[in-house]
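Trainee: Per TrEMBL, active site, proton acceptor is recorded for Cys23. Marked as active site, charge relay system by TrEMBL: His67, Glu112. Feature annotation from TrEMBL assigns Zn(2+) binding site to His14, His27, His29.
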Amino acid sequence: MFVLKIVTDFASAHSLRNYPGDCSRLHGHNWQVEVMVASKELNYNGIVIDFRDIKKQTKTVVKRLDHQYLNKIVPFDKLNPTSENLAKYLFDEVGRLININDVKVKAVTIWETSRASVTYSQGDL
């Protein structure tokens, strides 16, 4: 299995609903996003997918969130904008743009600080 990873970032604010702590108040993060893409096969050029394509598709999704108040962005206007929900959202949205043939998004990791992250995947890592 070949696994590729790109890293990008964005800044946004959010407030957690029904959370009994400081994070229920408006606050922001400089999020770091890691997207892992996997395939069992290489294409005719000997690559899985061009890193530029992974970055481009990821940035297409991240751009919707950058410098925004997440609680006002669909689906987070109804879905609590937790790191866990954000990781799954990015996994699903980037996957819609990248998943072709044997090339699939394997996992998305979201870092809300340099010491706290969540990873979403469908299956083993």
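Just so it is clear, glycine is given a Cβ too, placed from its N, Cα and C backbone atoms.
Tell me about the surroundings of these features in the structure.
Mentor: Annotation for Cys23 (active site, proton acceptor): spatial neighbours Ser15, Leu16, criterion Cβ-Cβ under 8 Å with sequence separation of six or more.
In the three-state DSSP scheme, His67 (active site, charge relay system) is classed as coil. Neighbour density for His67 (active site, charge relay system): within 10 A of its CB lie 10 other CB atoms from the protein chains shown.
DSSP classifies Glu112 (active site, charge relay system) as strand under the three-state reduction. Long-range Cβ neighbours of Glu112 (active site, charge relay system) (same chain, at least 6 residues apart, Cβ-Cβ under 8 Å): His29, Trp31, Ser83.
Residue environment of His14 (Zn(2+) binding site) contains 24 other Cβ atoms, counted within 10 Å of its Cβ in all protein chains.
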Trainee: Taking DSSP three-state, what's His27 (Zn(2+) binding site) in: helix, strand or coil?
Mentor: strand
Trainee: Round to the nearest Å and give the CA-to-CA distance linking His67 (active site, charge relay system) with His27 (Zn(2+) binding site).
Mentor: 12
Trainee: So around the Zn(2+) site, His14, His27, His29 aside, which residues have their CB within 8 A of the centroid of those CB atoms?
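Mentor: These residues sit around the Zn(2+) site: Ser12, Ala13, Ser15, Cys23, Leu26, Gly28, Leu70, Pro81, Glu112.
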